[in-house]
Amino acid sequence: MDRKEIFERIEQVLAEQLGIPAEQITEEADLREDLGMDSLDLVELVSALEDEVGMRVEQSQLEGIETVGHVMELTLDLVARLATASAADKPEAAS
């Protein structure tokens, strides 16, 4: 997943979850102030992203998550860690 795909997925989940137009969702949008999310909404968003990426988010990783951009950075980090773990699990190609 690249940055654009991650944003589109977050945008889709938030629009469905919150019942708001996708156009209202930007990287700069504050989850609470601009989008009206509460802590339960954040848990549901993270759960959907965990399912999408296939990795779990630690509670400590949620600290400081205030904007859609922060959610994107967290998701990009998870995708990168998953790719690194997958590469480490693959046996080296025979020479």
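Placed from the backbone N, Cα and C atoms, the Cβ positions cover glycine too.
If you look up Swiss-Prot, you'll see 4-79 marked as domain 'Carrier', on the strength of sequence analysis.
The O-(pantetheine 4'-phosphoryl)serine annotation in Swiss-Prot covers S39. Residue environment of S39 (O-(pantetheine 4'-phosphoryl)serine) contains 9 other Cβ atoms, counted within 10 Å of its Cβ in all protein chains.
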* For the domain 'Carrier' (4-79), give the DSSP counts of helix residues, strand residues and coil residues. => 49 helix, 2 strand, 25 coil
